[in-house]
Amino acid sequence: MADPSTPLSALNLSHGSIIFLFYHGERTVRGGPAVSPAGSFGRKMTMDDLIAKQTRITRQESPHCDSVSFDRDSANAFQLYVNETLAFASKRGGFMYGTVSEEGRVEVDFIYEPPQQGLEEDLILLRDPEEEKLVDAIAAGLGRRRVGFIFTQTVMQDKKDYHFTNKEILQAAELHAESELKEWVTVVVKLEVNEDGAADVHFEAFQMSDMCVKLFKEEWFVTEFGENDDPKLSKMKKDVVVGGKDVKEVDNDFFLVVVKIFDHQGPLSLGFPIENRNTHATLRSLKNHLDRAKNLPFVKRISDFHLLLFLAKSLGLGSDVPALAECVLTQSPVPEGYQLLIESMANTS
């Protein structure tokens, strides 16, 4: 190689040949990068290393929740209100309470509807921590816990080619992350036109994917939206890999895992006015409710979550209602003092 005019073929060199340079003395390269054996030249970059540096979003095939079953009366009361009273013109939401089996089956026995402001495309939960503490305490007395969130979509939403909007994805991910329950379920109720031109109410159940909840906790989601943003796409603050491509917009369906729906007849009754609706419960409501079931044992007459919440909020029985809830759970006689107090308050209406 001392003769610069020597052709490579004469030196048995071809494309891909490795040449080692050997020389005596020290050599300084000005402006070159500092390289140490521990750097990129000191070890091999494996495929796992490359994948670890990327956030890849794929569809999650299996939910942690095997199925969700609704108490028929509770599901019907929710959909009747949004259908007949609200006419699906504004959004409505509620927290579902029930049980989770070891096999991951969720049973919903009642729905608590928190204070809220429902708009055409937004659902603003005006959450009351004190009221939610009462709800959780009553639920615990009934052997139940918070297991999911249910909300409606309005007839004004153009949702022909998607299940959730980007705003709905954010709200569902936030509540799922807050719950710390892997079986947490999100249910959407919508009005759809069938083949005969009639409108049907549909319940659809999903879980937010593990990746969706992870990205929400790590604040990857863009939370501000413009008028021209596509509602079926969620925006990311950094690139993610979808289908082998680096993108900052992800189809919302990638974050949804379908859950099977069933129904059952739960152990609680439902007839007392539901909280935080346009029509408020009063002492007259309490008297009417008790009178309708006056031939039943008293514990049966108060076996209604919404009635127990009313007692906790309106009659100053907040600390006592969990004990009443336990009577309902076991269907054991209500202590006489509680019964007299509730009946006397009802008779003052």
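Indices start at 1 and increase along the chain as displayed.
Quick reminder: no glycine exception, Cβ is built from N, Cα and C everywhere.
Among the features that TrEMBL reports, domain 'Nuclear pore localisation protein NPL4 C-terminal' is placed at 94-220.
Across the domain 'Nuclear pore localisation protein NPL4 C-terminal' (94-220), DSSP classifies residues as 35 helix, 48 strand, 44 coil. Within the model, the domain 'Nuclear pore localisation protein NPL4 C-terminal' (94-220) shows a mean pLDDT value of 93, rounded to a whole number.
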